[in-house]
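Structure incoming, see below.
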Amino acid sequence: MPVTVTRTTITTTTSPAAGLGSPTIVGSPRALTQPLGLLRLLQLLSTCIAFSLVASVGAWTGSMGNWSMFTWCFCFSVTLIILIVEVFGFQQRFPLSWRNFPITFACYAALFCLSTSIIYPTTYVQFLPHGRVRDHAIAATTFSCVAFLAYALEVTWTRARPGEITGYMATVPGLLKVLETFVACIIFAFISDPYLYQSQAALEWCVAVYAICFILAAVAILLNLGDCTNALPISFPTFLSVLAFLSVILYATALVIWPLYQFNERYGGQPRRGRDVSCSRSHAYYVCTWDRKLTVAILTGINLLAYLVDLAYSSRLVFVKV
């Protein structure tokens, strides 16, 4: 569903590829020879090599290994679907908005591959003994980095610029929604053990904040992917502004409460990592409790900054037609 904004024009288009300087050929194998098509082939190849290297030696034991394998397989599969849709010209038959879906996926894929390129070597590869398995794992990490760069380049190429015509998800607020939901998912992974927050009602409030803000941002993304923004009882721009403002307030409380109750002895926290017995020795595929708490605090700050920028953009953008 097309929208138009005063600073960045957002409406429907299928022929030009934003930022590439030439039209994208769709419904033909020649789509693969265009810059964006070649970039997606690189994404396909790098993710395929990454999971093939790991699968061939079974180097994906434990939750971190499973996360990495899922990332590469997921990115490979969806990239393959996107290529098939563009080569055969199935955009009109695709169940989701083609103006918004490719860049939304590219942004998620870039974040997935970036996280995997960091998590896999630090929590898995470094614990492997020297040999064939370790060499394959290191090579897979390298190709994961290549995939991240390829997806990040696609986001850079296809994001909205002033005066260009594209979908909402290609704008800065749209991409920030992807970042916000992704960071929230990482937070959920680190607080998956209830003992991290069930001891204090204040910490349970923080978990509620993460869940509420994640759901609201996910709803905004799904409404755009499904071209259903008119289904809201209020205008979509108003919904975006209220969402960003509410999320800033909620995350601000979490940024204060989470570190206070996790690291301040007065409130039952543990200020020093050395006092946490779970951090006394190195574990493969495992992150100790204190490190989890610190990571959640850092990610809370990152998401608060993302929502602040989102609020600034949502306040500046004046939608003319939704």
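The count begins at 1 with the first shown residue.
Heads up, the Cβ atoms here are built off N, Cα and C, so glycines get one too.
Caution: TrEMBL annotation is automatic and unverified by curators.
Because the structure is a prediction, the values reported are computed rather than measured.
Residues or ranges marked as domain 'MARVEL' in TrEMBL: 31-163, 168-319. Summarising the annotation, TrEMBL assigns transmembrane segment to 38-61, 67-89, 101-124, 136-153, 165-190, 202-226, 238-261, 294-313.
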For a three-state summary based on DSSP, what are the helix, strand and coil counts in the domain 'MARVEL' (31-163)?
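The composition, in the requested order, is 109 helix, 0 strand, 24 coil.
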Quickly jot the same-chain residues contacting the transmembrane segment (67-89) by Cβ under 8 Å, restricted to those at least six beyond its ends, or write none.
24, 26-29, 31-32, 37, 40-41, 43-44, 47-48, 50-51, 54-55, 60, 98, 101-102, 105, 109, 112-113, 115-116, 119-120, 124, 140, 144, 147, 151
Take a look at 38-61, 136-153, 165-190, 238-261, 294-313 and tell me which one has the most Cβ pairs under 8 Å to the transmembrane segment (101-124).
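Comparing 38-61, 136-153, 165-190, 238-261, 294-313 against the transmembrane segment (101-124), the winner is 136-153.
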Under 8 Å between C-beta atoms and at least six residues away from its ends: which parts of the chain pack against the transmembrane segment (202-226)?
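Residues 96-97, 100-101, 104, 167-169, 174, 177-178, 180-181, 184-185, 187-188, 191, 196, 232, 236, 239-240, 243, 246-247, 250-251, 253-254, 257-258, 260-262, 267, 300, 303, 307.
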Mind checking which residues reach the transmembrane segment (38-61)? Cβ under 8 Å, same chain, six or more beyond either end.
32, 68-69, 72-73, 75-76, 79-80, 82-83, 109, 113, 124, 128, 132-134, 136-137, 139-141, 143-144, 146-147, 150-151, 153-154, 157, 285
